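Structure first, then comments.
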Amino acid sequence: MQPTLFIDRDGTLIDEPKTDFQIDSLEKLKLEPKVIPALLRLKAKYRFVIVSNQDGLGTDAFPQTDFDKPHNVMMALFESQGITFDEVLICPHKPEENCLCRKPKIKLLDHYIRKNLFDIDRSFVIGDRETDVQLAENLGIRAIQYDPQKMNWDLIAEKLLGETVTNCGKRPPRFAEVIRQTKETDIKVQVWLDEAGVNEIKTGVGFFDHMLDQIATHGGFRMNVQCKGDLWIDEHHTVEDTALALGQALKQAVGDKRGIARFGFVLPMDECKAECALDLSGRPWIKFNACFKRDKVGDFSTELTEHFFQSLAFSMLATLHLNVTGNNDHHKIESLFKAFGRTLRQAIRIEGNEMPSSKGVL
């Protein structure tokens, strides 16, 4: 079975007009940035299937001919660049019709399921909406939610191809798995330090999932995090215990630290200025400097940002300095997680075979 990418059309392959959400003329047809180079990189490994909801297609409000003209031009454009789609599957119904084929329902893909036409372990849904994520869950596969700023086509290709490596094949792959079970949480963390890829992260706290993904994405490694916590109380135990398990997994995956860079420092400048300095020293300590105006960002308590990094540093046995300034709490927290990921990327990179300490041990 070949790995398959089930790709949304409007808002993912091509721009979706925010006025009427219909591409019914050539004037509205616009490709998403970098989509063609990304698909050209991916086509050797994956086959492509378009899965799209087109509300009211074939009605007076959205005649079939109005749809066909820009759609056919789009398909011809992709084909002229060497990109073909095995199928184009379209639901023409409106939400109120309650059909069985509208995403996230899976009727459109029934033949793929019945005939085992896709590799469940290596296939993905790519789309810009939550319904695309839900479609992936219903199919039993993973999703990548497209966003032109945060998860663009360049990043999608990098994740799916796992092109970022830190080991270069010189040593056995650095992998660790940690299972942590308490009365409050049940957590499983897996990290692959020498390969990038799609991270599967589900803690039940959406903003926290996104932040953990930033660590792996900017750290240049792959990780899976599954957590079932006592969220009916609050997210404190989930965040704290995930940090402890992740820190333990990173520590185990790094191993005896022979040959690693050990140190990392990064200072990203955007709307927020985030500084991070890291030493995989074996001596846990943290200096954290950040002020937040809001109590929560989404479903995540801002006060848990410091607690997460403190728990992570002590579990990793690392020395960590973090500082951020800015106006938007969402961006400040995100910049800290990104900065930590970039710094960790430097520190875990293998540069030789020597122990990076005059003591001969870390």
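Glycine is treated like the rest: Cβ placed from N, Cα and C.
According to Swiss-Prot, the feature region 'Histidinol-phosphatase' maps to 1-173.
Within 10 Å of the Cβ of Asp10 (Mg(2+) binding site) there are 20 other Cβ atoms, across all protein chains. What Swiss-Prot records for Asp8, Asp10, Asp128 is Mg(2+) binding site, and it gives sequence analysis as the kind of evidence.
The active site, nucleophile annotation in Swiss-Prot covers Asp8. Sequence-distant contacts (6 or more apart, same chain, Cβ under 8 Å) of Asp8 (Mg(2+) binding site) comprise Ile50, Val51, Ser52, Lys103, Val125, Ile126, Gly127, Asp128, Arg129, Asp132, Tyr146.
According to Swiss-Prot, the feature active site, proton donor maps to Asp10. In the three-state DSSP classification, Asp10 (Mg(2+) binding site) falls within a strand.
Counting only same-chain residues six or more apart in sequence, the Cβ atoms lying under 8 angstroms from the Cβ of Cys99 (Zn(2+) binding site) belong to Cys91, His93, Lys105, Lys107. Residues or ranges marked as Zn(2+) binding site in Swiss-Prot: Cys91, His93, Cys99, Cys101.
A mean pLDDT of 92 is what the model gives for the region 'Imidazoleglycerol-phosphate dehydratase' (174-362). Feature annotation from Swiss-Prot assigns region 'Imidazoleglycerol-phosphate dehydratase' to 174-362; the stated evidence is sequence analysis.
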Note: in the chain of Cys101 (Zn(2+) binding site), residues six or more apart in sequence with C-beta under 8 angstroms of its C-beta are Cys91, His93, Lys107, Leu108
Additional residues surrounding Zn(2+), by Cβ distance to the Cys91, His93, Cys99, Cys101 centre under 8 Å
Asn53, Pro92, Glu97, Leu100, Arg102, Lys105, Lys107, Leu108
